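Engineer: Dumping what TrEMBL says about this protein:
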type	residues	note
TRANSMEM	33-54	transmembrane segment
TRANSMEM	66-84	transmembrane segment
BINDING	Gly74, Thr77	Na(+) binding site
TRANSMEM	104-127	transmembrane segment
Amino acid sequence: MTGVLLVAIGGAAGSVARYLASTSVQRNVGISFPLGTFIINVTGSFLIGVILGLFEAGNLSPAARLLIAVGFLGGFTTFSSFSYESLLLLESKAVLPFLLNTVGSVVAGLAAAWLGVVLVRIMAAVLRGHP
């Protein structure tokens, strides 16, 4: 139960940090490219590399890993986990799984986002009486 609590606390903090950072960047930069999300994803990828590198070297406790890597960075960005797992595949010379993971994740993510938007638009049209 302690692990669940650590992940929950870290996740809540990471989610709030993501919201504040992303909205601040977008408000101050004012461009249509999602720069806030891009910066957060790249930063999260860097941080998960640092945190999991520290853990693998024995310099970080399992509790700290749960709080920071799984909780905070999981709430801050799921892209960090994706990047680290892809890096592990690449380092192990698992080229096909690496390509399937990287390309597949992007394509599936875009397809899922598109499907979600389309379904909501259809549902909204039906509710308005315009199928």
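A Cβ is built for glycine as well, from the same backbone N, Cα and C atoms used for every other residue.
Any idea what these are sitting next to in the structure?
Structural biologist: Same-chain residues lying 6+ beyond the ends of the transmembrane segment (66-84) with a Cβ under 8 Å from its Cβ atoms: 3, 6-18, 40-41, 43-45, 47-49, 51-52, 55, 60, 101, 105.
Following the DSSP three-state reduction, the secondary structure of Gly74 (Na(+) binding site) is helix. Its Cβ placed at the centre, Gly74 (Na(+) binding site) has 20 other Cβ atoms within 10 Å.
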Engineer: Near the transmembrane segment (33-54), which residues from the same chain, at least 6 beyond its ends, have a CB less than 8 A from one of its CBs?
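Structural biologist: Counting only partners 6 or more residues beyond its ends, the transmembrane segment (33-54) has Cβ contacts under 8 Å with 18, 21-26, 60, 65, 68-69, 73, 76-77, 79-81, 83-84, 87.
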Engineer: Check each residue in the chain of Thr77 (Na(+) binding site) that is at least six apart in sequence and keep those whose C-beta is under 8 Å from its C-beta; list them in sequence order.
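Structural biologist: Once residues fewer than 6 apart are set aside, Thr77 (Na(+) binding site) is near Gly14, Arg18, Ile40, Asn41, Thr43, Gly44, Ser45.
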